[in-house]
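Straight from TrEMBL, the features:
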DOMAIN    192-342  domain 'PROP1-like PPR'
REPEAT    209-243  repeat 'PPR'
REPEAT    244-278  repeat 'PPR'
REPEAT    279-313  repeat 'PPR'
REPEAT    381-415  repeat 'PPR'
REPEAT    416-450  repeat 'PPR'
REPEAT    451-485  repeat 'PPR'
REPEAT    486-520  repeat 'PPR'
REPEAT    521-555  repeat 'PPR'
REPEAT    556-590  repeat 'PPR'
Amino acid sequence: MQLRHPCHRLRQQFRCFATKYSGRVVVEAEDGRSFAVEVDTPTLHTDSRGYALPRRDLICKVSQILKSPPSPSDPFLDLSDYLDTLTITLTPSEASEVLKSLKSPNLALRFFRFCPSEIPKFRHDCFTYNRILLILSKSSLPNRLDCVREIVDEMERTGIQGNISTVNLLIGTFGDGQGNGVNELTRLCNPDKALKVYQEMRRRGYRLDIFAYNMLLDALARDQKVDQVHKVFEDMKKWHCEPDEYTYTILIRMTGKLGKPGESLSFFQEMLSKGISPNLIAYNTMIEALAKGRMVDKSIFVFSKMVENSCRPNEFTYSIILNVLAAEGQLGRLDEVVEISKRYMNKSIYAYLVRTLSKIGHASEAHRLFCNMWSFHDRGDRDAYLSMLESLCNSKKVTEAIDLLNKMNEKGVKADSFMYNTVFSALGKLKQIPHLHDLYEKMKQDGPSPDIFTYNILISSFGRAGEVGEALKIFEELENSNCKPDIVSYNSLINCLGKNGDIDEAHMKFIEMQEKGLNPDVVTYSTLIECFGKTEKVETARRLFDEMLAAGCYPNIVTYNILLDCLERSGRTSEAVSLYAKLKEQGLAADSITYTILERLQSGSHRTSRIRRKNPITGWVVSPLR
């Protein structure tokens, strides 16, 4: 008779007294008969020191029983049946492995309770307690904190001494209101709760390690509980737990944020005096504290020591130095910083400095640094070159920008359409038409191919300069290229034609874009309304406005200002007032241009006859023309 997994029914029929005998179990039935059965009893192995090793087959079997799909019978009854077939009881280390495999915290907690109550002579140890504490700390159970407290109380009642992992788990659990455990403590911890747990652990005689102290210090420091930080720090040294670089970094960061760079420096010097080598984070934190206090000389001195001790600065290090130099008007000392760290000055660091200087508006410094990069490196950095182009263009140094664009190939950087478009845009704003022509011809000859943005920028630029023929020529090239005109292309051309007096052609382009399936937007309508309004074709402008509304294109404050100005200048005061009322109904906020037009309306400069009548919307007295 082979019996591998007795079911609950067999358990009711037999009162089993099992003894190990040559691989068999002797079973005594209620009628007095006895017989031997083969059972699947996992073999107990030991390591070289004689300690029992976890039996993987047993762990898998127990886990399988507990995680089996729901059935009418209780899995814990099935588990009890199975364990009755074993001659060697489940060990705490094996129970810990089973707990680890269970995904459900409720199931894990139930198994944790099952072991000492149903398995003879089973007694949880510190590791099984830590395992269930970890499972509960990561769970989303609404009563998880109460469960943790019950487990801790049970540990104390049964005389199980926790270890440092227990302390870390408890600080993480009670310090973190989000249930994310130890790893999240420094970010989400409730420092008051963490401090209470720490005090309770000290009362119970637990000794914390450096990891636990650093977690607690960081939590308190982030909440600016300065007195408690100092007390815990002194307590840490009193109990012979030596601070490390992370401990001092926490203290330096806290005092730096409080605007006490002198105290930060004292902690930094204390760290050095203990023979602790600061890491990158410690150096950055110290430099940041000094920079916050506008202590330029000391910031650069610590930076030099950082390099001297072979700690490589990163972009954050340079950003701190750069910001304090800019704030104190000492950007000239950037050369000193570059010289100090020249063995670490690679392309990416140069590129970062160029980008940052460009963004904060120091084009000359960015260009000077860029020239250094150009001289010292055979190959360039695309981002640095683009930043330099943008900086030069923003500073209206278009000649230098064109020169850089032409020389990029020398450093292995290929100018792309985005770079060309950056320079085209700057040239267009400055109406540098000859340069615009030359650069466009070079682009067509050497590449890259113009894209839709290139064409749109050129159409707008030529239109701004009054070069209508050139704008039409570019538009024609666009139509014959791989790109096709979009709404921006038509808007740019319509604006060019209308602003340069060819309103009929502008209107034809407006109709053409609709025929090609492009729906005019608020910019299209606003541009045409302005063009017709300024050529005193008020009716056409008003009709376009109505057409815009009918098409479901909602006017913005710019559109209203254009039409208000048109109506006011033509003396159509009543219509202007009605339009202003509609603007208010739409919920748009009037701007300075709107108020200027309204002031002109109120002054009555265009009225030819007056009928004193109070408008119900504005309260003004107006006289519509007859």
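Quick reminder: no glycine exception, Cβ is built from N, Cα and C everywhere.
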- Query: Would you list the DSSP helix, strand and coil counts for the residues of the repeat 'PPR' (279-313)?
  - Reply: 26 helix, 0 strand, 9 coil
- Looking only at the repeat 'PPR' (416-450), what are its DSSP counts of helix, strand and coil residues? 27 helix, 0 strand, 8 coil
- Item | Counts of helix, strand and coil residues, the repeat 'PPR' (244-278), according to DSSP | 26 helix, 0 strand, 9 coil
- Task: Could you tell me how many residues in the repeat 'PPR' (556-590) are helical, how many are strand and how many are coil under DSSP?
- Result: 26 helix, 0 strand, 9 coil
